[in-house]
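Under the heading repeat 'PPR', TrEMBL lists 77-111, 142-176, 241-271, 285-319, 347-381, 479-513.
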Amino acid sequence: MRRRLAIGFVITCKRELQTTSQLFAGLKTRHFASTPRSKSSFQHLDLYSLNKKISHFTRMGRINDARALFDKMEQRNTVSWNSMISGYVKRGEITKARKLFDEMPKRDVVSWNLMISGYVSCRGKRFLEEGRYLFDKMQERDYVSWNTMISGYAKNGRMDEALQLFHTMPKRNAVSWNAMVAGFLQNGDVGRAIEFFEMIPERDGASLSVLVSGLIQNGELDEAARILLECSSNDGRKEELVHAYNTLIAGYGQCGKVNEARNLFDQIPIQDGQGNGSKKRFVRNVVSWNTMMMCYVKAQDIVSARELFDQMKERDTISWNTMISGYVHASDMEEASNLFCEMPNSDTLSWNSMISGYAQTGSLELAHDLFQRMPQKNLISWNTMIAGYEKNDDYKGAIEIFIQMQIEGEKPDRHTLSSLLIVSSGIVDLHLGMQIHQLVEKTVTADVPINNALITMYSKCGAIIEAQTIFDEIKMQKEVISWNAMIGGYASHGYATEALELFKWMKSFKVQPTYITFISVLNACAYAGLVEEGRGIFKSMVSEYGIEPRLEHFASLVDIVGRHGQLKEALDVINSMPFEPDKVVWGALLGASRVHNNVEMARVAAEALMRLEPDSSVPYVLLYNMYADAGQWDNATEVRMMMERNNIKKEAAFSWVDSS
């Protein structure tokens, strides 16, 4: 990408130099080369070219290159200074902008306006005051000066000062009124906003949109609809009305009020009906259709969205992408693929949506094929592919894509690194996890999700001290996932006391535990042999926190009481389950039965496992060994013959003599 930009810039510069040469040659042929005017014209042209390059650099974010060129210029004009100041202002480097402003030999109104806008866009009272200081010093102000300062006060909630300035203005335009309306709405004063809107002498195309947008943000959708319909009836010939309608349709869609959105959509005429007349009535545009389709897609009504799509006479890229995205979210990849193939000009978003859809449905080969055929990948493309492999537990595939990503020079972001940390946890590769951790420290500022992923990775890899270090460092940023990761790490590596102690701390900080928390805590109780505490925690999960027990919780409780020799209670727990027990639950009972040498209970558990996994040799072998240990050779032989009748092959690492 950088290489393409560099080549593009070189071509641009060459063209500019060629243009300059051609113009200069033309001047020569007109016999102006030897005159002072010719020299002046060339210098002016050269200065124009340099200013253009500075502007280009600042637009591309290359502020250092712009400054280097600016410093080398032998001659500068106001445009040169303003371009550099504008570049610094856009980057939020207000101190550097002010230094240049103070050094300017001559300023125009644009220079002052740039600095004022820079100050009012910064957060903090002192910046706003500095903007006002410059505003007061201006000898000549234009609309931009006044409106910028009014907007600055409004955005900072200082509406009294904004209002005072507004009334002081020698002459106002529509932007001034709109700034006041927007300011009142930003500060929640809906009544004053409507009052000011109604006083606007001549509204421009933005006036109604500003009001409608602000009312939506304040949750006043019905009031916005009332005003919109009133404006339509009073001045329904205004073409700009459609923008306000589209805004309100989107607002209804965000709130899930699809019927209200459709009612508004239907009120926009399909044709203006004015023939070739000079006055145009507002009509539906492609944004109207797209916005309404998005409402349906958000409400998961893909059928209604498709009906609108099929009715559209003209579609743009957003129309196609909206429908493709809708089918992807509905997991209808066949229809998404059909539209994708029909789409006249698919863009990167279209490709990424398809890749994401195939990855979500487990079709990794199709996702990878599309990914490889993409005409132009972006960071989202790489992240989508890596996350797709990770979520489908294809950790090798995720690592291979990341390696390819590095080879092609694409830099990872926090989403990339978070997925790779999950991959490291999945394959329990501490070395890989530590490498990703180093990348995190070099490239991004770790946020809560990344810190949680780091804690999980170190915990699962057994590096408990490293996990605890990160857990302690994030302090007040801890969320329930952070606590779960740390408690789970302690529990899975046998640090039962630490896990239970951390659970107490979690409750003391009023952090609401989840079902995952209780899985780890119950496992810790099982490891530590804390039967009474385990029973109490299981009950509190339901009574105190309203969490319905899952299979994992029942399996842990069976393990807890079973290890303590309470096999009948363990069986009672299984029989009381509101759903069918799985192999983990019966496995816990079988393991406890073997530890306490209870052959009859072991037979119950083993027979249940045989029904659940008819091809597995594990329950047969364990039951056989228990009969053999107890000297019940007839029963042992019966188990062996049953295994032969069912054509069960003994798995490696299981002995007929001893499976311990």
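Any Cβ shown, glycine's included, is placed from N, Cα and C.
If you average pLDDT over the repeat 'PPR' (241-271) in this model, you get 91. Across the range of the repeat 'PPR' (241-271), the DSSP-based residue counts are 23 helix, 0 strand, 8 coil. With DSSP classes pooled into helix, strand and coil, the tally for the repeat 'PPR' (479-513) is 26 helix, 0 strand, 9 coil. Summarised by DSSP class, the composition of the repeat 'PPR' (285-319) is 26 helix, 0 strand, 9 coil.
Across the repeat 'PPR' (142-176), DSSP helix (H, G, I), strand (E, B) and coil residues number 26 helix, 0 strand, 9 coil.
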